[in-house]
Amino acid sequence: MKTRPLQFQVVTRVVAFIILAFSVFLFFAGHNNPGGGFIGGLMTAAALVLLYLTFDVKTIKKVIPFDYAKMIAAGLTLAIVTGMGGMVLGQPFLSQYDRYITFPFFGEFHATTALPFDLGIYLVVVGFTLLVILTIAEDGS
Amino acid sequence: MSMLHFIPLAPFIVAIFIPILYKAFRHIHTGWFVLPLPILLFIYLIQYLPFGGEPLTPIMETIAWVPSLGINFTVYLDGLSLLFALLITGIGALVVLYSIYYIANKREEPLNNFYVYLLMFMGAMLGVVLSDNLIVLYVFWELTSLASALLIAYWFHKEKSRYGAQKSMLITVSGGFAMLAGFTLLYNMTGTFSVREIIASVSEISTDMLFIPAMILILLGAFTKSAQFPFHIWLPDAMEAPTPVSAYLHSATMVKAGIYLVARFTPVFGGQAEWFWIVTSFGLLTLLWGSVSAVRQKDLKGILAFSTVSQLGLIMSLLGIGSAAYQYEVIGGESIATVAILAAMLHLFNHATFKGSLFMVVGIIDHETGTRDIRKLGGLMTIMPITFTISLIGVASMAGLPPFNGFLSKEMFFTGMLSGASLDVFNVQTLGFIFPIVAWVASVFTFLYCMIMLFKTFTGKHQPEKLEKEAHEAPFGLLISPIILASLVVLFGLFPNLLAYTIVDPAMQAILPGLLQEGEQFYVNIYHWHGFNAELFMTMGVVFFGAFLYVNLKKVQETAFYLGERDPLNWFYDNGLDGLITGSTAVNNVQMTGKLRDYFTFMFAFLILSVGYMLIRTGSFAFDIQNAAMISPYIYLVVAAIIISTIALPFMNNRITAIVLVGVVGFLIALLFVILRAPDLALTQLLVETVMVVLLLLVFYHLPELKKEKFTPAFNVSNAVISIGVGLVVTITGLAVHAFSNENPMSRISDYFVENAYALAGGNNIVNVILVDFRGLDTLLEVVVLGIVALAVVVLIKYKAKEGEDV
């Protein structure tokens, strides 16, 4: 285990989660404001990369036990399955639906099928970025 | 979505669960989970048979797929597709049952793979015979090639299996490509991919210039798939597959797809002389070549393979002759040419029964003795009496002896050939006399190899020392399927008219639509005894000469033709493949230098040449800055900074500085996006730059130290020419586009998105709406690309090839 500057570690602990939170916000904001699956995914990946840079790979693997290859597969499956949803109703592949649903307390919620589709993209982007970076980083070490 | 759509899809759906079941129930043979499916499908399909004497009315169900291109998932069930679908599911069920006992439930046998491939194949085959839409048919068609290659290579650790799989794949897939080209030509002429509609517009297209090319291309697909001469060479090598697979693919289904295609297109091309001659002559040639070559084989499965080749040729030639039916009037459901179609359909069915049982029997012999070599076998009659009985029935039927069903179709085949010779269209007078002669000679050889197969295996001296195992009768489970098939051979031999108006007549009506009056049926009456006529004397001659040749087998096999071990036509395939590999390696060595610089040179040179050429050819140089947007001073500043950093880049001696400079360019572009009010793009660009820096640093860590002098940028003329060229071409194109839009004002696509983003997709962020909705398919495929790239990176890095190893 290599040692890293203490300041760096302390700052990262706070900042990484701010970035993570912001990336989740970006993801949900996507439909009406700048953001979306692609940007949100990239930002999440950036936050995680920061964590990996600060602490070592082993530690983070314990904390975030994701298999990024499986994450890509899950994302692709989610996107494709969402796209096929419309086909059951006789609509073409990737037909999108949206509807406003009013919940008690929470108020109006805009439900779209674009959201799970975007989530699929989000997962693929996160999985891709980290898989590539980690694979290259672990090589030779 | 109707029930009919589920028929071709059901096997794929079941296939998804097979790996799970395989893992969950290790002690149960996976085949038991597969078995119910073909049985259910078979029972479901049986109910469509016209038992009550009422003619079968075709059923058509459509699901829109890409309606704008005329591509729909249309399922069409008529007599022809029903006959094939019944064979696929019926023989499929028997093959699955047989395979359960044939392939042991051992850990090292990847049974899950086997059954997934088998189901994939079954579904694809059902899709081929049930699709009305040509594109859908093509997709399923290529799936059968793929699935069969996987099945042939099931024991992939064997060199020969891989060779056979590759060969079958290369030949059938290239035929499939030709067929696709033929389909598109048909689409060009008719504007539809629906077979129904194409048939309806035959009279308009038959004089079209593209009609004959389309015919030939489609026939190429059919001939490669059905192993017609000279494409038959893949079929014997495909025998490396496990025997249940051979029984399935090569007796009942895959090789018959070509027959199906020819039958399906008979209403389109049938009235043409070219069709008649091509189909008939290739069929006859295949028939002759296959039967003569079968005598060379020492392997029982090899004999069966060539026998299949020859029998497929037989059916093909009958379809060719029968296509002349369009030239004659049908009276009382009968005309001079329809008997050939009748013979073809009857033989198609009979062949599936007796060849299926024979393949299974050969599998049993292999399973119980450890060899299929007829030089080692012999005297098994008393040791394996049940197997012998089944073989006797199958072989006698194949040889065309009464009272088995093969006799009926063989006699009818002679009738078809004789009637073919007496046609008076298409200049048959000149060469038609050859038809019965070839048919007769081929039948003599068929009789000969049937005798070899039966007698060399079951009679003579038993040589236990040459066998790997001690021979004994097969377990009962292995015998069930061949017994069922052999019983069918006998049953339909004794009561052939069970088939007449249930299966054969509907199939004929599907092949020859429009010939009958309303409510009429083709005259189908199959019987054993039809007096002392030419056909009977031909059969007697076959038996006599066949037996004569068998007695003199030694001398026959010493003739020059039989000296080589393999089919001489393989020479063309093997050398062609070698040439292809050498040629592509040569091209590769020039093009794939492994230097990124060279690749960029190729790409940019291509860009300059293609775009530049188009610019000059269309004379689109134009300069018009009217309506150009105002450029604010910030933009000048940012662009100037971008230009300076870019120009500075090649002069950097230090890698870190170079990376930082690239980063600066990226961030400046992000800034440009901010100024131009594209927050989404700016955000993406910024994040990508950040992640890229990390990546670059990681890669940097691994790069070997480069020597200084390599890094010093030498002024390279070709580099300068290319980079300036690219810049020029892009700038000129941009200016030309702007000038063009000034002259021809058109509504901008962005306006459409602005107006409809919320109304159609319920989102205010246009960029995101475009990504997930308007162009969702692009996005989906892009993330698929991301997934593939990630896979490639992992494979490249984790499974690095060692020094001197091939990737």
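Each Cβ is built from the backbone N, Cα and C atoms, and glycine gets one as well.
Just so you know, TrEMBL annotations are computer predictions that nobody has curated.
According to TrEMBL, the feature transmembrane segment maps to B:6-25 (among others).
As annotated by TrEMBL, transmembrane segment applies to B:32-51 (among others). Listed by sequence, the residues of this chain that lie at least six past the ends of the transmembrane segment (B:32-51) yet keep a Cβ under 8 A from its Cβ atoms are 3, 7, 10-11, 14, 17-18, 21, 25, 59, 77, 82, 85-86, 89-90, 92-93, 96-97, 100, 115, 118-119, 122, 126, 501-503, 506.
Residues annotated as domain 'NADH-Ubiquinone oxidoreductase (complex I) chain 5 N-terminal' in TrEMBL: B:68-114.
With a threshold of 8 Å between CB atoms, the same-chain residues lying at least 6 positions outside the transmembrane segment (B:82-104) that come near it are 7, 29, 31-32, 34-35, 38-39, 41-42, 45-46, 48-49, 56, 111, 114-115, 118, 122, 125-126, 129-130, 242-245, 247-248, 251-253, 256, 260, 345, 348-349, 352, 356, 360, 363, 367, 475, 477-478, 480-482, 484-485, 503, 506-507. Marked as transmembrane segment by TrEMBL: B:82-104 (among others).
The feature domain 'NADH:quinone oxidoreductase/Mrp antiporter transmembrane' is assigned by TrEMBL to B:131-420.
Per TrEMBL, transmembrane segment is recorded for B:207-224 (among others).
With a cut-off of 8 Å between Cβ atoms, the residues of this chain six or more beyond the transmembrane segment (B:275-295) that come close are 215-216, 219, 223, 227-229, 232, 262, 269, 302-303, 306-321, 323-324, 420, 426, 434-435, 438-439, 441-443, 445-446, 448-449, 452, 556-557, 561-562, 567. The feature transmembrane segment is assigned by TrEMBL to B:275-295 (among others).
Per TrEMBL, transmembrane segment is recorded for B:377-401 (among others). Through the fold, the transmembrane segment (B:377-401) approaches residues 300, 307, 311, 350, 353-355, 357-358, 360-361, 364-365, 368-369, 371, 407, 409-411, 443, 446-447, 450-451, 453-454, 456-463, 467, 471-474, 479, 482-483, 485-486, 489-490, 493, 539, 542-543, 546 of its own chain, all at least 6 residues removed from its boundaries and within a Cβ separation under 8 Å.
If one looks beyond the transmembrane segment (B:433-455) by at least 6 residues along the same chain, the residues whose Cβ comes under 8 Å of a Cβ in the stretch are 280, 284, 287-288, 290-292, 294-295, 297, 300, 303-304, 306-307, 310, 314, 317, 321, 358, 374, 391-392, 395-396, 398-400, 410, 413-414, 417-418, 420-421, 538-539, 541-543, 545-547, 549-550, 553, 556. The transmembrane segment annotation in TrEMBL covers B:433-455 (among others).
As annotated by TrEMBL, transmembrane segment applies to B:476-495 (among others).
Positions annotated as transmembrane segment by TrEMBL: B:628-649 (among others).
What TrEMBL records for B:682-703 (among others) is transmembrane segment. Beyond its flanks by at least six residues, the transmembrane segment (B:682-703) meets 655-656, 659, 662-663, 666-667, 669-671, 673-674 of its own chain at Cβ-Cβ distances under 8 Å.
If you look up TrEMBL, you'll see B:715-740 (among others) marked as transmembrane segment.
Predicted-model confidence for the domain 'MrpA C-terminal/MbhE' (B:720-798) is 84, expressed as mean pLDDT. Taken from TrEMBL, the feature domain 'MrpA C-terminal/MbhE' covers B:720-798.
What TrEMBL records for B:779-797 (among others) is transmembrane segment.
Long-range contacts of the transmembrane segment (B:715-740) within its own chain (CB-CB distance under 8 A, at least 6 residues past either end) are made by residues 601, 604-605, 607-608, 611-612, 615, 620-625, 627-628.
Mapped onto DSSP helix, strand and coil, the domain 'NADH-Ubiquinone oxidoreductase (complex I) chain 5 N-terminal' (B:68-114) counts 30 helix, 7 strand, 10 coil.
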